[in-house]
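Worksheet: one structure, shown below.
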Amino acid sequence: MAARSAPSCHLRLEWVYGYRGHQCRNNLYYTAAKEIVYFVAGVGVVYSPREHRQKFYRGHSDDIISLALHPERVLVATGQVGKEPYICIWDSYTVQTISVLKDVHTHGIACLAFDLDGQRLVSVGLDSKNAVCVWDWKRGKMLSMAPGHTDRIFDISWDLYQPNKLVSCGVKHIKFWSLCGNALTPKRGVFGKTGDLQTILCLACARDELTYSGALNGDIYVWKGINLIRTIQGAHAAGIFSMNACEEGFATGGRDGCIRLWDLTFKPITVIDLRETDQGYKGLSVRSVCWRGDHILVGTQDSEIFEIVVQERNKPFLIMQGHCEGELWALAVHPTKPLAVTGSDDRSVRIWSLVDHALIARCNMEEPIRCAAVNADGIHLALGMKDGSFTVLRVRDMTEVVHIKDRKEAIHELKYSPDGTYLAVGCNDSSVDIYGVAQRYKKVGECLGSLSFITHLDWSSDSRYLQTNDGNGKRLFYRMPGGKEVTSTEEIKGVHWASWTCVSGLEVNGIWPKYSDINDINSVDGNYIGQVLVTADDYGIIKLFRYPCLRKGAKFRKYIGHSAHVTNVRWSHDYQWVISIGGADHSVFQWKFIPERKLKDALHIAPQESLADSHSDESDSDLSDVPELDSEIEQETQLTYRRQVYKEDLPQLKEQCKEKQKSATSKRRERAPGNSIRLHFVHGYRGYDCRSNLFYTQIGEIVYHVAAVGVIYNRQQNTQRFYLGHDDDILCLTIHPLKDYVATGQVGRDPSIHIWDTETIKPLSILKGHHQCGISAVDFSADGKRLASVGIDDSHTIVLWDWKKGEKLSIARGSKDKIFVVKMNPYVPDKLITAGIKHMKFWRKAGGGLIGRKGYIGTLGKNDTMMCAVYGWTEEMAFSGTSTGDVCIWRDIFLVKTVKAHDGPVFSMHALEKGFVTGGKDGIIALWDDSFERCLKTYAIKRAALAPGSKGLLLEDNPSIRAISLGHGHILVGTKNGEILEVDKSGPITLLVQGHMEGEVWGLATHPYLPICATVSDDKTLRIWDLSPSHCMLAVRKLKKGGRCCCFSPDGKALAVGLNDGSFLMANADTLEDLVSFHHRKDMISDIRFSPGSGKYLAVASHDSFIDIYNVMSSKRVGICKGATSYITHIDWDIRGKLLQVNTGAKEQLFFEAPRGKKQTIPSVEVEKIAWASWTSVLGLCCEGIWPVIGEVTDVTASCLTSDKMVLATGDDLGFVKLFRYPTKGKFGKFKRYVAHSTHVTNVRWTYDDSMLVTLGGTDMSLMVWTNEMEGYREKRPCDSEESDIDSEEDGGYDSDVTRENEISYTIRALSTNIRPMFGIKPHLQQKEPSTDERPPVSRAPPQPEKLQTNNVGKKKRPIEDLVLELVFGYRGRDCRNNVHYLNDGDDIIYHTASIGILHNVATGSQSFYQEHNDDILCLTVNQHPKFINIVATGQVGDSADMSAAAPSIHIWDAMNKQTLSILRCYHSKGVCSVSFSATGKLLLSVGLDPEHTITIWRWQEGAKIASRAGHNQRIFVAEFRPDSDTQFVSVGVKHVKFWTLAGRALLSKKGLLSTLEDARMQTMLAIAFGANNLTFTGTISGDVCVWKDHILCRIVARAHNGPVFAMYTTLRDGLIVTGGKERPSKEGGAVKLWDQELRRCRAFRLETGQATDCVRSVCRGKGKILVGTRNAEIIEVGEKNAACNILVNGHVDGPIWGLATHPSRDFFLSAAEDGTVRLWDIADKKMLNKVNLGHAARTVCYSPEGDMVAIGMKNGEFIILLVSSLKIWGKKRDRRCAIHDIRFSPDSRYLAVGSSENSVDFYDLTLGPTLNRISYCKDIPSFVIQMDFSADSRYLQVSSGCYKRHVYEVPSGKHLMDHAAIDRITWATWTSILGDEVLGIWSRHAEKADVNCACVSHSGISLVTGDDFGMVKLFDFPCPEKFLTCLEMCTYASLRAAEMTTQINPETRITEKKNQNPTLHGQVVLT
């Protein structure tokens, strides 16, 4: 039996030999105490060279691979590998964990770095994206995360001289990061021509934006900003692995074995070549270097650590060595001295001194070594090799004795016999050879019994037998020395083995788990003297077992430290130490053995804790010696609280059922009923599986929970108030120290904890997201700021919250078994205890984790199940109550003593000022003194002690006590039977509340004329309840069996009860005494009914599908109704007492005639006409609508009709009580629904006068009483019901603008594709054709002519240096709203277009730009709080939500200086469509375009996401905070208005309720404004404005506009509201109106734009002015007094802008767009001069050389020529059907060339007048025409076409010119082609997906501008014939450009004007 408990001895880690040099870098540092910190395997090591002492940090569970030192050099951060790797921050002095960071990375943590002040830590993961993550490590909180790079990252560092900047480097890249808000944005380092693009291995940051980095080829690269400025070549001969910066400069270490020191400007100081020193060797490679003062630490690839003193640099001191490459398998101990021998695949054999902790000998062999043995006298050392040979050395001088190779496979095990005569050698080819030592190792025998490789050998003490283990797990015996196999068990029985290292055998059965056959234990070694066995396995675990251990699954102690396989383990010769070796971690661990330890010493022994306990979970003594579990606890532990369907699943289920419902709802559905019900009183208290859930509040009310309701009971008035925020069973409740707030935790898929106020019953915070299944315990901290919670998921997760903020502070796995209680330390907020099944743990917070230590029981007690726990009078003292009735007293983690307190479990305990109170299963309350020395007083809960006035009845004496609380001079007690009692200190007991006990409750009946009801339950009781104000239980009677139904007789005198065994009884309704009983059926009775009137008959329905009819007077059965195919569920009589209506479990509706029981068939139409005495049926046409859309997963279990036949109440399996209008015809009727029950509602009944509804919860055992409120009687209350499942289908009209906005899909630039349908090979990929006349190298030919005619009249050519954005024409109004605002008291306006935010000065028209967005901006808002003046937030479109730079983001920036204050990368995939600041300006609300239309709230200054939730399944247009609130906001969208509250981290929403107004229906809502007293105004698609009070519609302002109300603006100053809509201008009406605060009176303004309808998209009000943005891209300022309109901004409206032309001599330009207009813009005056409506979409436009004519090409193939002076048409012609792509006048003004998408260019002679007859055309153009240019002499035309080809034609003949030489000699008048050798350099590498669209050479002929599909404008030198040239990039447009051109006015000014061609962006013209 001994093996069933763990051994009582212990191992302590004493020394680790080794250092991790392979695959890790920069992992070796000096701490402030001059100790050396590094890691090996899974252990952090702090080594003191002075004392030659090691300390260990063992908080990791797998290999450590990264390490960073805090700038103060005391704290260390280490990161590990693993599936869920974590980072530990620990103190190098105490080796205690300070913080744990987890739950973010996967695979492993490759690099770590602290910032300058050590507040933040950056980590890099090993996942596929190499995620970079920034932490606030003290709080354990992630601040930001981004994908790092597609390939490995090797080093990362904070820039110590610039805040919020980081640098990372790795495979072929270096990246410079900036952290802003929650966004980490990288810029790739530009290698340029300065150095090769190569892998960068390490880096260090310096002043002035300089970064030094070490490259793979041994150079040092020096960066300034993001550019490589110089390289220091040959700094090392090979890769530079480590770089360390210190005060004096930098130290680098490389693969060449050199250390170099550099000064602060990176000039060389000195070189130390370690290979040349006396300790050096060939191939030494430096992995880590640390320079402090005159000491340098060096770590090498081969696991050595050197310390170098600079003065004696050629004498490095070797302070640590270990094995290196390959695996480490060989281990042997010296038989007489404290020495250990190891041998490894690195071919070295090493001898270690266990006393001096040092290497004393090393010898290199020829082959990798796999095993070792020392003979009995310690003279010979035998080594088995991987190649099948073995070698014997002399131990003293390591000289060879013999080398023998008899085998081909590796030798895995060898051993000398105890008498020293033989050596047994086990090989992988499954043989064992025996050699004679004295005969110079001559082979004397072999053992050949095994079929698999030999793993272990042991000799018997007399050297006559050998036992072996092989890879099959077989154990065989041989006689020595011959090697004959022994098969007789008798012969072996008496053999005593000299050593025990075998893993199979009777004596070691216990090391294997009970049910596993895996072969993962690598090594064991038995200690016969200490009777312990040590094992080593593949999981890095060392275990101690008792020896021998015979039964499988023995208990053990376990120790971690090694990372992966532990390959071997041995006791030292005197059993003082255990030596273990790690395979892959190359390390040797030396453990001190501490026999039968004393408790107190243990304290000093094991100060280190580890996350995985050193005393394994399994090591607890087995169940066999624990008393039987108490039945109650047994029951409770088996409850899983799992649900088939959780409430959270309902929305998805509904979505799935949408189709079904659409087909069904063609008929108009009935409205929901006018009545509503309100919860009035609940009988019940949840005591059967919850404890300590009952408290007094501040004002002496009592708070507890039952079902899904939090109850506040006032005992003076006998009334209850309810918290109804939960939607499923509440499992735990605790009260805040100030006794005003309560926290409750519920069941759920993602269960929530609600913290609510007992006064206002409003939720203050809701915590979700870290538990599963449910919450079993909660507790507040003493200061009330924190909350601890425990889940009921498999690992019983413990979470520590800052509940007000809703933030998770720390999380940890609690235990495998259930945890019943969590308690926070009242003195130290970072500590807590948990108690549960065989579990008592003491936790402390460490950053984002919790570190737990098991309570140490010692010899005092047994490992009991703990049911309750409290802290005592100091922080060390804790008390817990056990399942056996003891109270355990703990000091720190040690059990000090136990006191017997109760018979049976102690369920509840409570700490008082001077003592304790406990309550147990024995029904006794005990008061104790403050040390549990003596019991001061006991109270027994007995009926005799009930106070005289107490109402209700105590069901039994000494009920099990589950909760105790003290206060107000009383003891409050909750019992398992669902009673709440108040015990006076002097003894009398008052019963306050009671309910049914455990077991389902189904039976319910209401009295025919009194306000009382009867219930019967599976708890075998029948109870009568008073529903009048006394609310008490009037009578109770125990039954022999549980019951499922009951019924009062019509005169109220008798009560019939159906029982579960098939019998039923009739009892006197007053005394509950039996009148008569029958037992005719086997199955349970499911329904029982008296016939109406005199109650002559009694119908009894049973589960065996019969209904028996009895004559009540004669007590005889008179009829049986047969014919049902399934069990009966409901029966009802008709008024005459002649007909029965029956429902069965097979959903049949049947009719029987009474009293004989003949089956009748009644057509469904007739059923309605019958007058029924009662209606409890759930089937039939009259109640078809009560079945929900998701009828498959939920059943309607009960219904009941009011006596006026108006309202049908139903109860269902999901716990909903619903009210329907009766009859409910048609499917899916509308209803009101109420949540209070948690799961099934088993029965519902109206009282006799319909004033109350009584409902029963099946498993929640509660009886709820609801008051019925008639229509019209409607006091405003916080909790009204939710309306029907299904939104009404009727929509409020249709509007094209709304529909378009709803359906738009935004193009995302990162995913750009070609805008033109090009085909063919791109220019930069085409093969160059050799030209026919290659010119000779020295040409005597005349000089080549100019490529381009230039107009630099007598000026020097000056290249264009840069382009600066100067002017933008355009405003995004067509699909965005509320995006124009005033700033600076109306002097400036701010708006957006494309990807830029524009600040426009009203007076001067000058603009400035915010250009940090990289894609279209969709929304803009301005912070109204005076503290944040001129702060703007803009949201953009973006790709998926991977948090990379392509993700959608919100930028918050200062409008005046354009500084970015914060960037929020969000998970709103597709884009952000609305943003709004809160009242204090600190919070920001954003809405996404993702399918769920997520709503997120941010604390934008920190970049922290506070809360996020799916908003609605259809598009949300706008969401805005109430202007006076930081927690309330409103969202509107397609048929949707919701009122939201932020509670902690949770978002709670209420749908707008329409039901109060007649024929109001939910329309699509478009805009929001606010008024005082919680009024909200929403503008609708029909032009009405809805006015809401709270969330209830209170009136409608009809036809506020004639069309949709798109924009509303609340002026904070005076509360006036501006609305903007879509209207035709008329005398009285206007598209803009100004209203008073109540929206009662208004004044209309007309916008004088000349359009047929005005459509306003944005309104804003400043001082006396209203600012309006329209759908037509105008921004207009309207004066409030004189209604004068001033147009500030114009732009194109719809469709791409393709056409662009600049005037030949003036600062004008033209633009032509698909909105059918050509507009003339003045650059100097910054405005639109004129526009012409053409009536068709225009594609291209061109000025004549004199500037007097304009030619316009249309999309329909027509072209028009206008005279500039009069804007009259001079001529027009349509010779083509397809779009005209380019149109050009020849430089001599004679010809007009027209290029179209019909693959043609037509020539027209203008001198022939306006008839415009075509004179010729160019033939054989292979594709559509893109651009055309004339030559300077008007004789040639160059054409670029859609197949990436350029052609030259003669003018006007149209002949194709093929001669390359001739083409090269042409001088062109203009160059707009994107094709041709001269411009090959404009095509970038990334042009696979997207194209260059347009180009233009400047008039000086030396600069070239291009525009492309990515929205980039680039500047090149012209010509640029080389591929992939570098350029200047400007990004302004969110996407594609179409055409562009530049005019040279003088060399300094350029105007480029571009048009944007993306369907999502219009109309914007930009000037740079």
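Cβ from N, Cα, C; glycine included.
Note that the structure is a prediction, hence the values are computed from the model and not measured.
Here's what TrEMBL has on this protein:
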{"type": "DOMAIN", "residues": "53-307", "note": "domain 'EML-like first beta-propeller'"}
{"type": "REPEAT", "residues": "250-264", "note": "repeat 'WD'"}
{"type": "DOMAIN", "residues": "328-592", "note": "domain 'EML-like second beta-propeller'"}
{"type": "REPEAT", "residues": "330-362", "note": "repeat 'WD'"}
{"type": "REGION", "residues": "609-633", "note": "region 'Disordered'"}
{"type": "COMPBIAS", "residues": "619-633", "note": "compositional bias 'Acidic residues'"}
{"type": "DOMAIN", "residues": "719-982", "note": "domain 'EML-like first beta-propeller'"}
{"type": "REPEAT", "residues": "899-929", "note": "repeat 'WD'"}
{"type": "DOMAIN", "residues": "1001-1267", "note": "domain 'EML-like second beta-propeller'"}
{"type": "REPEAT", "residues": "1234-1266", "note": "repeat 'WD'"}
{"type": "REGION", "residues": "1274-1297", "note": "region 'Disordered'"}
{"type": "COMPBIAS", "residues": "1281-1294", "note": "compositional bias 'Acidic residues'"}
{"type": "REGION", "residues": "1325-1355", "note": "region 'Disordered'"}
{"type": "COMPBIAS", "residues": "1326-1337", "note": "compositional bias 'Basic and acidic residues'"}
{"type": "DOMAIN", "residues": "1406-1677", "note": "domain 'EML-like first beta-propeller'"}
{"type": "DOMAIN", "residues": "1697-1935", "note": "domain 'EML-like second beta-propeller'"}
{"type": "REPEAT", "residues": "1697-1731", "note": "repeat 'WD'"}
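In the predicted model, residues of the domain 'EML-like first beta-propeller' (53-307) average a pLDDT of 89. For the repeat 'WD' (1697-1731), the number of residues in each DSSP class (helix H, G, I; strand E, B; coil) is 0 helix, 23 strand, 12 coil. The recorded stretches the domain 'EML-like first beta-propeller' (53-307) and the domain 'EML-like second beta-propeller' (1001-1267) do not share 3+ CB pairs below 8 A when only pairs 6 or more apart in sequence are counted, and are therefore not in contact.
Beyond the repeat 'WD' (899-929), the same-chain residues lying 6 or more positions past its ends with a Cβ under 8 Å from any Cβ of the stretch are 630, 632-633, 691-692, 867-872, 879, 881-887, 889, 935-941, 957-966, 971, 973, 975, 983. Listed stretches 328-592, 719-982, 1697-1935 were compared with the domain 'EML-like first beta-propeller' (1406-1677); the greatest number of C-beta pairs under 8 angstroms is found for 719-982. Residues in the repeat 'WD' (899-929) partition by DSSP class (helix H, G, I; strand E, B; coil) as 0 helix, 20 strand, 11 coil.
Using DSSP to sort the residues of the repeat 'WD' (250-264) gives these counts of helix, strand and coil: 0 helix, 10 strand, 5 coil. Within the repeat 'WD' (1234-1266), the DSSP-based counts of helix, strand and coil residues read 0 helix, 18 strand, 15 coil.
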